[in-house]
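These notes concern the structure reproduced below.
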Amino acid sequence: MTMLPSSEDADQRRLHELGYKQELKRGLSVVSNFAFSFSIISILTGVTTTYNTGLRYGGPMSATIGWIVVALFNGCIALSMAEICSAYPTSGGLYYWSARLAGKDWAPLASWITGWFNIVGLWACTTSVVFSLAQLLQVIILLSTGGANGGGYTASKYLVLGFHGALLVSHGIINSLPIQVLALFGKLGALWNVLGVFVLMALIPAVATERATAKFVFTHFNTDNGEGIHSTVYILILGLLMSQYSMVGYDASAHLTEETKNADKNGPMGILTAVGLSGIFGWAYLVAVTFAVTDIEYLLDTNNDAGGYAIAEVFYLVFKRRYGTGTGGIICLGVVAGAVYLCGISVVTSTSRMAYAFSRDGAMPFSKVWHKVNNKEVPFNAVWLAVVIGFCMALTSLGSEVAFQAMVSIATIGLYISYALPIFFRVTLGRKSFVSGPFHLGKFSCLIGWIAVIWVALITVLFSLPVAYPVTKDTLNYTPVAVGGLLVLCLGSWVVNARFWFRGPVTNIEK
């Protein structure tokens, strides 16, 4: 392997050692790297769109205390990922890590499964985030025109899909710009989330004419979920899903390491700060909103003005009861919508970089097309691939809400499985051969790694449990079907075809 001239910086030299030449523009600072992951996690997005789940299964206690539990375990995942990222700072991220840690014999299969779970998870995440914004716009329009009980306009599923498509196209256009411009959107997303949380956590409780007590917020456990589930433990477990869904997407810092300066230090720092600050700000936002909750049953009722969208109804009611109009609440929803929009931009950025790296190693059909970089050093084709697939996945919403929910469930489970696989290989097959980078966990590395792996295994089971009884075709949780189907496709394609030609990450440096 040829050596780079000594004048080349350490980042390019390290990337060269890992087998790749510099093709993307390296212009991100540690703040920009962090901003992308923080914007994707976007606690305003995750908490707002899944708050119904927390209220329905366990209520305030499940949401506020459950968030702390999930944040601690997510911290273990983030620490382990940061350690591996420091050793292997490449855009391929997780699948590259699996290949290096699984050993020569298992590297191709390990990277194949990890890569496909990661890229499909990111495509599903793109679909989920942008479609949730389209649904939020539907609710904003409904409330702005009088609400469900005041003759408000309810957008059809076709119009919602149209919103989804238009939003995706705008994200594609923005992501076709140079990385320096995208970095500004990433920073704006991070700032928007921080300021948005501060504004909403101060404003909502202050405006509310009726407030819950601290005892209610931290100890009230809602067992009246209307879904036929009465076991306290079962309800508590299902309530954790809100918090777990809200903290995903921080692999973006790894996918952007080839565009980040001092990547072996700043990539891990991006992961850790994004997860840590999201845990803190997310909890603060949850607590503030929950202090304005006084009637759980009404907030979940599909006959309320927001059509059962709990946080939207909270925002709308606190202003309407104080000032006689819910306009202030609608503006607050606009703040959330801005956060979701910026989150979508960052998700497309992360997804396109993963597709670029995976196709660089020949793993995807038509890899030469998706690996191309334009004259702005942007993986243009990979960006628009994410847009097209994000729209196609949402088409299932026209036929079956159940099928759509099963598909987007891969956004959470698929991504977490792809997070856990390289960590698993790190604490097993790669335990003795792993050479750490500047950031490492020392003697606690394996312990934290095992906690992370076990937690992901546990939530994979939890996400697959029925969420309503009796179980029917309309209430069945299709998550295990979707995730299991993806696993079958991965393994099937490997056995039938890929094992004969895929060798894992391939160097693109001329020898």
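Cβ coordinates are placed from backbone N, Cα and C, and glycine is handled just like the others.
Nobody curates TrEMBL annotations by hand; they come from automatic prediction.
The transmembrane segment annotation in TrEMBL covers 30-52 (among others). Sequence-distant contacts of the transmembrane segment (30-52), counting only residues of its own chain at least 6 positions beyond either end whose CB sits under 8 Å from a CB of the stretch, comprise 63, 125, 129, 132, 135-136, 183, 186-187, 189-190, 192-193, 196-197, 200, 241-242, 245-253, 256-257, 260-262, 265-267, 269-271, 273-275, 277-278, 281-282, 285-286, 289, 300, 308-311, 335-336, 339-340, 342-343, 345-347, 349-350.
According to TrEMBL, the transmembrane segment annotation covers 64-88 (among others). Non-local neighbours of the transmembrane segment (64-88) in the same chain are 18, 54, 58, 96-97, 100-101, 217-218, 236, 239-240, 242-244, 247, 250-251, 253-254, 257, 264-265, 267-269, 271-272, 274-276, 279, 282-283, 286-287, 290, 416, 419-420, 422-423, 426, 434-441, 445, 448-449, 451-452, 455-456; each lies 6+ residues outside the stretch with a CB under 8 Å from one of its CB atoms.
For 109-138 (among others), the entry in TrEMBL reads transmembrane segment.
Marked as transmembrane segment by TrEMBL: 158-178 (among others). Listed as Cβ neighbours of the transmembrane segment (158-178) (distance under 8 Å, sequence separation of 6 or more from its ends, same chain) are residues 25, 126, 130-131, 133-135, 137-138, 185, 341, 344-345, 348-349, 352, 376-378, 380, 383-384, 386-387, 390-391, 394-395, 397-398.
Listed by sequence, the residues of this chain that lie at least six past the ends of the transmembrane segment (190-208) yet keep a Cβ under 8 A from its Cβ atoms are 34-35, 38-39, 42-44, 277, 281, 284-285, 287-289, 291-292, 314-315, 318-319, 321-322, 328, 332, 335-336, 338-339, 342. Under the heading transmembrane segment, TrEMBL lists 190-208 (among others).
Long-range contacts of the transmembrane segment (228-248) within the same chain, counting only residues at least 6 positions beyond its ends with a Cβ under 8 Å from a Cβ of the stretch, are 41, 43, 45-47, 50-51, 53-54, 57-59, 62-63, 66-67, 69-71, 74, 125, 221-222, 275, 278-279, 282, 411-412, 415-416, 459, 462-463, 465, 467-470. Per TrEMBL, the feature transmembrane segment maps to 228-248 (among others).
Listed as Cβ neighbours of the transmembrane segment (269-293) (distance under 8 Å, sequence separation of 6 or more from its ends, same chain) are residues 30, 33-34, 36-38, 41, 43-44, 46-47, 51, 54-55, 60, 63-64, 67-68, 71, 74-75, 78-79, 81-82, 85, 193-194, 197, 200-202, 204-205, 208, 210-212, 216-217, 243, 246-247, 250-254, 256, 260, 299, 311, 314, 318, 439. Annotation comment: TrEMBL describes 269-293 (among others) as transmembrane segment.
If you look up TrEMBL, you'll see 328-350 (among others) marked as transmembrane segment. Note on the transmembrane segment (328-350): residues 36-37, 39-40, 42, 44-45, 48-49, 122, 125-126, 129-130, 132-133, 136-137, 139-140, 143-144, 167-168, 171-172, 174-175, 182, 185-186, 188-189, 192-193, 196, 199-200, 203-204, 207, 249, 251-252, 255-256, 311-312, 314-320, 383, 386-387, 390 of its chain, located 6 or more positions outside it, place their CB under 8 angstroms from a CB of the stretch.
Beyond its flanks by at least six residues, the transmembrane segment (378-396) meets 24, 122-124, 126-127, 130-131, 161, 164-165, 168-169, 171-172, 175-179, 348, 351-353, 355-356, 359, 369-372, 403-404, 407-408 of its own chain at Cβ-Cβ distances under 8 Å. According to TrEMBL, the transmembrane segment annotation covers 378-396 (among others).
TrEMBL lists 402-425 (among others) with the feature transmembrane segment.
Per TrEMBL, the feature transmembrane segment maps to 446-469 (among others).
Sequence-distant contacts of the transmembrane segment (481-502) (same chain, six or more residues past either end, CB-CB distance under 8 Å): 108-109, 112-113, 116-117, 120, 362-363, 406-407, 409-410, 413-414, 417, 460, 464. Annotation source TrEMBL lists transmembrane segment at 481-502 (among others).
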